[in-house]
Structure formats: structure tokens, C-alpha cells
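A.B. asks: Before I ask anything, let me first share the structure, which is written out below as C-alpha cells.
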Amino acid sequence: MASGDGGDDAGVKRVADRYLKREVLGEGTYGVVFKAVDTKTGNTVAIKKIRLGKYKEGVNFTALREIKLLKELKDSNIIELIDAFPYKGNLHLVFEFMETDLEAVIRDRNIVLSPADTKSYIQMMLKGLAFCHKKWVLHRDMKPNNLLIGADGQLKLADFGLARIFGSPERNFTHQVFARWYRAPELLFGTKQYGSAVDIWAAGCIFAELLLRRPFLQGSSDIDQLGKIFAAFGTPKSSQWPDMVYLPDYVEYQFVSAPPLRSLFPMASDDALDLLSRMFTYDPKARITAQQALEHRYFLSVPAPTKPSQLPRPPPKGDSGNNKIPDLNLQDGPVVLSPPRKLRRVTAHEGMEVHMHRADRTEEHPSGARHMDDMSSQSSRIPMSVDVGAIFGTRPAPRPTLNSADKSRLKRKLDMDPEFGYTE
């Protein structure tokens, strides 16, 4: 690659003499993503420019993991890494260009998703996950905006910066992965030994988000997230999840019985509810796998999944206006009195007494909005895509990401891992 960054006749910047730089698509903590044209092929690409940092800090280990893993993961439902090269003190990763992502689809109120459309998106997501797990790779950051959609309608898993090889029974991982709303309960309870089941739980949350057109479980803290989970599926018993009480950050919750799953997803088919229940199984050892999910009767029943090329997609960027469905939280969570700590008991609903052990101070957090009592009775009149923003008129909640403490913890772990986590 040439070292110059000269401009062409149109004044467009070149990157490494091959890529014509276009507009910026997004920015993050470690760099920027911009659109570009590959002059060698004529194809539009997306380039992630990652800051390499100071000399002593070395190359960003997260980027190295992503490069290593994506070179091994070649599948129609996984983003393609086309090129990777250092240039002017930065590391550049070149990906195929994808027009939009699943979050944009979910939040666009002009898009009406049929049951066949939802089935198609879930099928493509699970195909990508099944391929990863077959190759012993955990994604660990499943969420709608990491599921990219191309011009042909194909959905592809992207952002493998937190992905890791798994399979060694004694290997420990950090539990501070995934955005909180998509974390499995075993991660919230602090487990450091886990497998592909954590990706399946997150995939279940995405399935639920497609059905509801809003994030399903919106906790404001880890302990509040567990409260949201238990309010939706009931407090797990030891018979359901024997290993739960031995997890490092286990917290005892007051028992709450599970509401009917139909009351949470009134428009979903029986087959969809059955698959959801298997993806949301508490015991990770009993949770359905991605391959088993693909063989579930949900994908064999009518209607058949929509062909990717026929799926609805949002308009180009800049034309969507305010057509986003606000994030709502229609479930009561626990009264949060302090950060998680061992040997405590927390009630799952407002107004109930909370029994605490070794808790020194209290902090209150607001609960989410309540379910509308008559929603199930109206299910026959409600389309598959619900304009919940118009129904409830609630301000959107901020979508969580890894916070600074999580990032610092991850950075320390990465800096101390000389093998980058590629080998067992």
C-alpha cells in the first residue's frame, strides 16, 4: 500500500491509494466508521478506523480478535471482512457495506412487519449464530444494531469485538458483556464460565423486540434487570435452575409467579411462543441451541419466512424524519435499594418490604410503566406491528451500552491477555 493520502481530481480523500473516502457513518470510543468506494472493484465498502494508541499500549486487542475471528467465519449471515491494514497510525478494517440494521427496522413506525417478516429475520439471525457456535465462537454482543441488513435484504451478524473462542470447561470469561437489556440471568449473577446459551438469551430478547417493536426488558441496573426478567418469567426455583444459588453474585428475590407468556406477546403464534419460552429457559444447560431453534416447528409452520429481497426496509438515512418508535418499559421491576451484593433478598414489586443483609444505604429507581389491562382482549384487532408510541405516548428510554466501568474492566483484561483469547 502506498503511504500517501492524496486527493483525486474531485478532491475526495484516498485511503491507502485504494479506497475513496466518503461520509462518516458513525463514531465510537475507539474510532470512526466511514463509507468508501473500493477503486479496485468499484464496490461500496464500510471502513472502521481504529486508533492504535501510544507505542507502549500496542495494537488494540479487540480489533485483533475481530480480525482473527472474521477471517475464520465465512458465512452468508456473518459480515464479511474484506481487508485489514495499518495506515497513518490507525488500523483500518474494511467490511462489505450494509444499508441499515435491525434496530432501524424495529423503530421505524412506517414499517409494518408481518409474522412472515419476523420469522425471516429471526431465521437469518439464528443461522448466523448457529455457524458461530459450530466454530466455537461466542458473539457476546448480540443486539439489534449489531444485526446489519444489506441491499438484498440479507441480515448479517456484525461487530465481533467482544467475541471469544469457547469450549474449554475450566476457562473463565468476564460477565460484563452484552448491553444490559440483552444479558442472560447467569451473566447478571456474575458467572465467569458460560457458553453459547448467553447468545441464545440475547437472541430471544431480539425476537421479543421484533414482536413488540420495543426493547423487551429495560433494566436500569443489573439487579433491576433481573427484576424485569423475573417479573416476566417468574422467579426461578432451584428445581428449574439448580446451579443458580452457587453463582458469584447470586441475590435472592422474593418469589413471583410467571404471568402467561401470551399476556406479554398477545399477537404471537403458539409456535412463536413455544420457541421464545425455550430461548428464555433459565438453566443455560437446558436452553435451546441455535441449531435446535432452526429445527423448531415455528420455522416449518405457515406462513413461510419472507424472502430476504422482499423484506421491508427503512428509507435511506436522512429521510426517516421522526418515524422511530420510542423505547417503552411496560413491566414493573423491583424496588432497587442498593447495588448487588451477596446474601440479600429483594422484592420484585413496588410497595413490598425488602429484606436486606449487609446493606448500608438505599437508592430508589423509578419503575417502568404498567401493562395495559385490556391489551390481550384487543389482540384480535391489533396488527403484528404495534405503534406503541402512539398508544402510550412515553418518552424513549436511553438504550444501554457497555459503561465506562465495563470498558475499563475489559481493557484491563485484554491488556493482561497476551494470547488475545484465540487459543484454548
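Glycine is treated like the rest: Cβ placed from N, Cα and C.
Keep in mind the model is a prediction, meaning the values are calculated, not measured.
In case it's useful when we look at the structure, here is the feature table from Swiss-Prot:
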DOMAIN    19-299  domain 'Protein kinase'
BINDING   L25, G26, E27, G28, T29, Y30, G31, V32, V33, K48  ATP binding site
MOD_RES   T29  phosphothreonine
MOD_RES   Y30  phosphotyrosine
ACT_SITE  D141  active site, proton acceptor
MOD_RES   S168  phosphoserine
MOD_RES   T174  phosphothreonine
REGION    303-337  region 'Disordered'
REGION    359-424  region 'Disordered'
COMPBIAS  359-374  compositional bias 'Basic and acidic residues'
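Surface or core, plus neighbours and distances: that's what I need for these features.
C.D. replies: In the three-state DSSP reading, G31 (ATP binding site) counts as strand. Residue environment of G31 (ATP binding site) contains 20 other Cβ atoms, counted within 10 Å of its Cβ in all protein chains.
Using a 10 Å Cβ-Cβ cutoff, Y30 (phosphotyrosine) registers 17 neighbours.
Other Cβ atoms within 10 Å of the Cβ of D141 (active site, proton acceptor), summed over all protein chains shown, number 21.
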A.B. asks: As a test of the contact definition, list every same-chain residue at least 6 positions from E27 (ATP binding site) whose Cβ is closer than 8 Å to its Cβ.
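C.D. replies: Those within reach of E27 (ATP binding site), by Cβ under 8 Å and sequence separation of 6 or more, are V33.
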A.B. asks: Looking only at DSSP and grouping its letters into three states, which state does L25 (ATP binding site) belong to?
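C.D. replies: In three-state terms, L25 (ATP binding site) counts as strand.
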A.B. asks: Please report how many Å separate the Cα atom of D141 (active site, proton acceptor) from that of L25 (ATP binding site), as a whole number.
C.D. replies: 20
A.B. asks: What count of other C-beta atoms do you get within 10 angstroms of the C-beta of V33 (ATP binding site), across all chains shown?
C.D. replies: 16
A.B. asks: Looking at Cβ-Cβ distances, which residues of the chain lie under 8 angstroms from L25 (ATP binding site) while being 6 or more apart from it?
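C.D. replies: Residues satisfying the criterion: V33, F34, K35, A46.
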